[in-house]
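What follows is one structure encoded as structure tokens, with my remarks underneath.
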Amino acid sequence: MAREKSTDDGGGWKKFLWDSEKKQVLGRTGTSWFKIFVFYLIFYGCLAGIFIGTIQVMLLTISDFEPKYQDRVAPPGLSHSPYAVKTEISFSVSNPNSYENHVNGLKELLKNYNESKQDGNTPFEDCGVIPADYITRGPIEESQGQKRVCRFLLQWLKNCSGIDDPSYGYSEGKPCIIAKLNRILGFYPKPPKNGTDLPEALQANYNQYVLPIHCQAKKEEDKVRIGTIEYFGMGGVGGFPLQYYPYYGKRLQKNYLQPLVGIQFTNLTHNVELRVECKVFGDNIAYSEKDRSLGRFEVKIEVKS
């Protein structure tokens, strides 16, 4: 006769969950569970303490106003407005809708340069009307409230200011673009030491307090088609004046206005796509084939009749 299979499983999983005889939950008494809880509480508490401590030590070595390591920061890039998709500005003189986005881009950039926002009890100060030397305002590390910033008057951009022509020349087929150097904290741009190494068009107007900018046709055959290019900036100079540098960062100069240069193409050949390259010149301005915006930018312009 076959032996009957024992059906006694010792209580099974129910007894494992709660053993009333031994007063155990999941195989452990209350005292055992308490010891385990205290152990892990202390263990993870120590881990959290070590983590928080290392973070605190690291924060003590970091300035609230200046990055600790800046040796790999590249020289500033040169950017422009209006921002164009695939760097292409294409519009029709007879169709205002075709250049509406370009005009709105310029308005968005220049709205902070309105004179009303630079008047009254503000951190702005007059730094002259002609280019001058750097204006230093103490160490970056010190926090003494907001540091003063130089005013930049919209009227200096003349035809590209939008004051007299709200279309910035687009309605007449004479488009404007606004160039600016990207902000780098604590950067002192160095102008060319002399004008002999500059393009011939810049040599006559060399200024020791300005980083000049120059635009020209990318292709030799486009030089005649591009025609005359006019530059508008502080003191009538097409470049970036030194008194707006160095930049102290958003925490100390949240109202900082970087200098701008208005560039207007006054007699472009219509119905032809023209490729233009603009470069800023300085002793510590670099250019790179890998980064096409480093010290320069390219833009394609097509004015349709």
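Even glycines carry a Cβ here, placed using N, Cα and C.
Here Cys150 is paired by Swiss-Prot through a disulfide bond, and of Cys127, Cys160 its partner is Cys127. Shown are the disulfide-bonded residues Cys127, Cys150, Cys160, Cys215; the one with the most C-beta atoms within 10 angstroms of its own C-beta is Cys160. Non-local contacts of Asn267 (N-linked glycosylation site) by the CB criterion (under 8 A, 6+ apart in sequence, same chain) comprise Lys174, Gly227, Thr228. Counting other C-beta atoms within 10 Å of each candidate's C-beta, the disulfide-bonded residues Cys176, Cys278 are led by Cys176. If you take the CA of Asn114 (N-linked glycosylation site) and look 10 A around it, you hit none of the recorded positions from Asn159, Cys160, Asn194, Cys215, Cys278. Of the recorded residues, Cys160 (disulfide bond) and Cys127 (disulfide bond) place their C-alpha atoms 22 Å from one another.
Under a cutoff of 8 A between CB atoms, and with a sequence separation of 6+ in the same chain, the neighbours of Asn159 (N-linked glycosylation site) are Asp165, Tyr168, Gly169, Lys174, Cys176, Glu230, Phe232, Gly262, Gln264.
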